[in-house]
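Q: Dumping the structure here so I can ask a few things about it.
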Amino acid sequence: MLEEAGEVLENMLKASCLPLGFIVFLPAVLLLVAPPLPAADAAHEFTVYRMQQYDLQGQPYGTRNAVLNTEARTIDADVLSRRCVLMRLLDFSYEQYQKALRQSAGAVVIILPRAMAAVPQDVIRQFMETEPEMLAMETVVPVYFAVEDEALLSIYEQTQAASAAQGSASAAEVLLHTATANGFQMVTSGVQSKAVSDWLITSVEGRLTGLGGEDLPTIVIVAHYDAFGVAPWLSHGADSNGSGISVLLELARLFSRLYTYKRTHAAYNLLFFASGGGKFNYQGTKRWLEDNLDHTDSSLLQDNVAFVLCLDTVGRGDSLHLHVSKPPREGTLQHAFLRELEAVAAHQFPEVRFSMVHKKINLAEDILAWEHERFAIRRLPAFTLSHLESHRDGQRSSIMDVRSRVDSKTLTRNTRLIAEALTRVIYNLTEKGTPPDMPVFTEQMQIQQEQLDSVMDWLTNQPRAAQLVDKDGTLLSTLEHYLSRYLKEVKQHHIKADKRDPEFVFYDQLKQVMNAYRVKPAIFDLLLAVCIGAYLGMAYTAVQHFDLLYKTVQRLLVKAKTQ
């Protein structure tokens, strides 16, 4: 029998029986010679940044989940349930985002361009308006952001093509495509997020003491340094509020020089405060006020505060608005400062549209509108200077607020305008007859645009979300060192949330590594098992009935020879 089988196999390999031999040996040949997928196509590893997750005043915000292990789809797919939905920023809309959540998507990954400055302005504005809505909607769906690269773009395009083909095919084609198509399994390397205990929010203060007695009036200059956006690791906050901190540091430099000489040493104390937690209802300012007004007997804030000037988003545009909770009364120093701002803007910077915006404090709101409201609640005269007319403007809390959005010349001009108005108030120049069109800061005392640019570059070179600014990190140590060059009694203030009733809670797992593995669908294993079973069944049947197979082959050979 074995000799006969050998004869049959030998005959099958002859030219006349090549098709039959090809069929018999084809599966083995394919298994041996099929090239493996290149490593780059089989798997890709990239960094992802998770959406905000925090609690504020007991209210949860953002995504509540961090674990992801599901197959990728684009928003074009018919079925998104338990799938990782890939979206590009250029094609993103809030309606599509809601669609993914409504269909119980397993996760959402939004792919951002590498060069954010090249993104069209209408796309940036639309996404800025969308970010607060995304955060306001608490969800258990993990939401991640990734920066585009060639491999990730290829994954997106392949997934999009598969989703589009599946949507336009017939039912049979969809079934076949479902069973045989390649897909990508998206898997994160991290674990489930958990609350970060005892996280410290740090603020930095310094002062310039006025010349004269102990009961001198105090002018407080405030700006929060932290940034905010839909993803903490992508929050660089160039305009909000890198511009405010840059102006504060430049004012500290300018007035430290004026206070160095007795002839220009004014009879005002200047208190500079770089606050932390500004994007979380001004937690640093709130606790700083409590410590200075409730828990100490010697503080510049307790007696004779002339006014508090808060700086927020002053790095672009040709408008400046002085936001107040209560219009200043005539005869007060804050009213004099308002008039000086108007005069300097009109005579030295006519292109600037200056106005005062009056908005009462809404204590029913969980989050205050502007930082000056923290001071106004404690009955300290305060206002906020900003180029934004409304506190609801999306520019204040967006990952799109990058360095390119701050215009260096505009920032320098606004710094000079603020410095000129402050100087005219402090030295009472208007009453002394100095015309409003005569600049004070000239020659060696000029505003240094290079200095402002270097500070802006330093601030925007790192994410400054409150969850990421460590008390021992380089950001705070550099900020403290910078202020120490010009101010006296520079020190840090640390606060942490109450353990029993925390006002704020931060969570970890905000930055992870995601892997995209090329995989076949689960049904492909079933289809492959059926095919292998059928092939083995045919082979088994052929062996069991070899005599019949042998006779059939012989007849075919004889017939072929006679022809």
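Even glycines carry a Cβ here, placed using N, Cα and C.
The signal peptide annotation in Swiss-Prot covers 1-42. Swiss-Prot lists 43-522 with the feature topological domain 'Lumenal', giving a large-scale study or a structure entry as the kind of evidence. Marked as N-linked glycosylation site by Swiss-Prot on the basis of sequence analysis: ASN241, ASN428. Summarising the annotation, Swiss-Prot assigns transmembrane segment to 523-543. Look at Swiss-Prot and you will find 544-563 tagged as topological domain 'Cytoplasmic', backed by a large-scale study or a structure entry.
Relative to the rest of the structure, where do these features sit?
A: If you take every residue in the topological domain 'Lumenal' (43-522) and average the pLDDT, you get 93.
DSSP classifies ASN241 (N-linked glycosylation site) as helix under the three-state reduction.
Under a cutoff of 8 A between CB atoms, and with a sequence separation of 6+ in the same chain, ASN428 (N-linked glycosylation site) has no neighbours. DSSP assigns ASN428 (N-linked glycosylation site) to coil in the three-state reduction, placing it in neither a helix nor a strand.
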